[in-house]
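What Swiss-Prot says about this one:
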REGION    1-30  region 'Disordered'
DNA_BIND  24-83  DNA-binding region
REGION    83-124  region 'Disordered'
Amino acid sequence: GPKGKGKGGPAAEQPPPGSGAGKSRRRRTAFTSEQLLELEKEFHCKKYLSLTERSQIAHALKLSEVQVKIWFQNRRAKWKRIKAGNVSNRSGEPVRNPKIVRAHPGARQSLRRAQPAPADRAGA
């Protein structure tokens, strides 16, 4: 099941380009639109694949299981970003994050209320 929530295995480890790391790291896979369509369809049904499902999809799409695994891994990451709302909506307006707007409703007012006090006392 989707219990391994740590870092992925060596397959997920991609050294930054130009770092000289990564022993002959594989080229970026160019998926065909048919493959992407199928992968997206599967992802729409379930966010996590069993080993059997993964191997069946890999065979059906003539991909390696690692490719299917990594695609799902990346797709889940993208899905979580979108779900968290860090992605602009269609109108191009950035999504307002209510958590940021109302960080501390009382904080600023209490500060403002505290400042005039000494002046009032001086004027009294």
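Glycine is treated like the rest: Cβ placed from N, Cα and C.
Residue counts for the DNA-binding region (24-83) under DSSP, helix first, then strand, then coil, are 43 helix, 0 strand, 17 coil. The average pLDDT for the DNA-binding region (24-83) in the predicted structure is 94.
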